[in-house]
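A.B. asks: The structure that follows is given in the form of structure tokens.
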Amino acid sequence: MSDQSAGIELKTFRAASSAAASVADSTTTYTDTATLLIPNDTAGPRKDSEGFRFLDFLKFVGPGFMIGVGYLDPGNWATDLAAGSQFGYSLLFIILTANIMATVLQYLCIKLGIVTNNDLAMSCRKHFSPSVNICLYILCELAIIATDLAEVIGTAIALNLLFALPLVWGVALTSLDVLIVLAFWGSNNLRKFEFAIIGLVGLVAICFLYLVIASRPVLGEVLLGFLPSTSIFHVDGQLYLAIGIIGATIMPHNLYLHSSIVRYRSNAESSNLGEISDLPPQPETLDSEITQPMKRLKTIHQDIRYSNLDSVVALYGALLINSAILIVAAAEFFKSGDGKVAEIKDAYFLLIKHLGPAAGFVFALALFCAGQSSTITGTLAGQVVTEGFLGPTAAAKFKPSLQRLVTRLLAIVPAMTAAIVTGEKGMNELLVASQVVLSLQLPFAVWPLVWVTCGAGDGLGMNVSFVRDFQAVPVSEAVMELEDSVDEGGKEDEDGKEDDGKDTVVVDFANKGALKVAAILIAVLITVFNVVLLVNMAI
């Protein structure tokens, strides 16, 4: 029987009131062992028509926490400690605002990766000219170097506080963790990396829970700090720190990494909800048309929903930790009159002074965990952006381990120089400078993300063609699958249409309505903040 005749018979099955009767009427020449072509998506599709299931959600927990650690790196510590020690609780609402903005941007990353099967770096290579693509790649690498610099400095300071290890040796030791991460990275070990990150974040959270309880902040003042205030516009220094908090919170490399790692649980190779599978080889030339198997139409909304919930839980966990850092600084340093905390080490000694040696140890341990967890995600982001921006052929010329060692070396050299020449003061100045670089690079990651998820230039950048695939199976099995298909009915797509048996269903996943307005507004605000930052630096 030809493919065409099989398709005609298949339509007959769907139109009949009984699938079994249809087979008997239209395929009288076939026996139970005969075969016909039926859609692959009818053979055991993943289902999302049922409501929220906690066990299904647990399968998606992980990527959000790998992104969340980027919101807890030593750069965040520096800005949060400075804000709390200088201005008390008044900048808590800036941390909340930055977290809300980050939640929207990370949702766009999730949607981009799951819907298009391309990460942000691949999308830039697809939609932008080669010259623009290379410029974005260079800026992204600079951001990763700046991120590495903050992690190197934070880890070195933590080792110095915990073990009295000289800063120079602490900086040197940070080169080893890159090789460890790259040696074990892969889909088979993805869950182990995620659990390691969750464990480190959990330790940081426990440490700061202890510090917050020990510092005994005034609850009413803390809650007032989360309310918007105009003080940032008339209190000297608040606006600059507010911009620093936003720049330190929303990390450019997180946007590239998140759009990539969500694909391990949501790609054409996955047969079960939340199943981790290897990504297909990246093509040299990315197709202008996005196609996915029809079975994905039944599950893509569920994948996005669970992945976004994972992200929200992780990011608001990071919000609580960042808020705790500022609260501890405000309660112990601002209220006591100790004033500005110029260095992370200052905070360590002040905590010992006010709360005892145990508080200082817990603070240093949390700093070490934050630095190590951020190192893991920074290393993975470096690999993602190289492969995505340059393509598989060009990326193959650079061994991942060699590339990451070079990137880490570019971060270690200035940190080592500062440790030798100027000591702790120079390292803290470098830490602040790294956050400035990250803040300035952020618009060059946010605008491409917003532009692509809004449909790109022609408005079709998020259009997906769900194509029905066919396979040969016994007629008896086909009857059973078709009966299930008739019983279940169609599944609505993004535009309210149903999978009515057509060979191709096109769905537009571009940002619409309030989401589109919010995404553009966030990109504009981030750009304005950076312009203000540049003006402040020039004055």
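A Cβ is built for glycine as well, from the same backbone N, Cα and C atoms used for every other residue.
A TrEMBL annotation is a machine prediction, not a hand-curated record.
Reproduced below are the annotations present in TrEMBL:
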TRANSMEM  54-72  transmembrane segment
TRANSMEM  92-114  transmembrane segment
TRANSMEM  134-157  transmembrane segment
TRANSMEM  163-185  transmembrane segment
TRANSMEM  197-219  transmembrane segment
TRANSMEM  239-257  transmembrane segment
TRANSMEM  312-331  transmembrane segment
TRANSMEM  351-370  transmembrane segment
TRANSMEM  517-538  transmembrane segment
A.B. asks: What stretch in 54-72, 197-219, 239-257, 351-370 has the biggest tally of Cβ pairs under 8 Å against the transmembrane segment (312-331)?
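C.D. replies: It is 197-219 that shares the most Cβ pairs under 8 Å with the transmembrane segment (312-331).
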A.B. asks: Contact between the transmembrane segment (517-538) and the transmembrane segment (134-157) is defined here as three or more C-beta pairs under 8 Å separated by at least 6 residues; is that satisfied?
C.D. replies: no
A.B. asks: May I ask for the residues of the chain that lie six or more residues beyond the transmembrane segment (92-114) and have a Cβ under 8 Å from a Cβ within it?
C.D. replies: 64, 67, 71, 80, 83, 120, 123, 222, 225-229, 232, 242, 245-246, 249-250, 254-255, 258-263, 266, 300, 303-304, 307-308, 311-312, 315-316, 318-319, 322-323, 326-327, 446, 449-450, 452-453, 462, 509, 511, 515, 518-519, 522, 525-526
A.B. asks: Find the member of 54-72, 197-219, 239-257 that has more C-beta pairs under 8 Å to the transmembrane segment (351-370) than any other listed stretch.
C.D. replies: 197-219
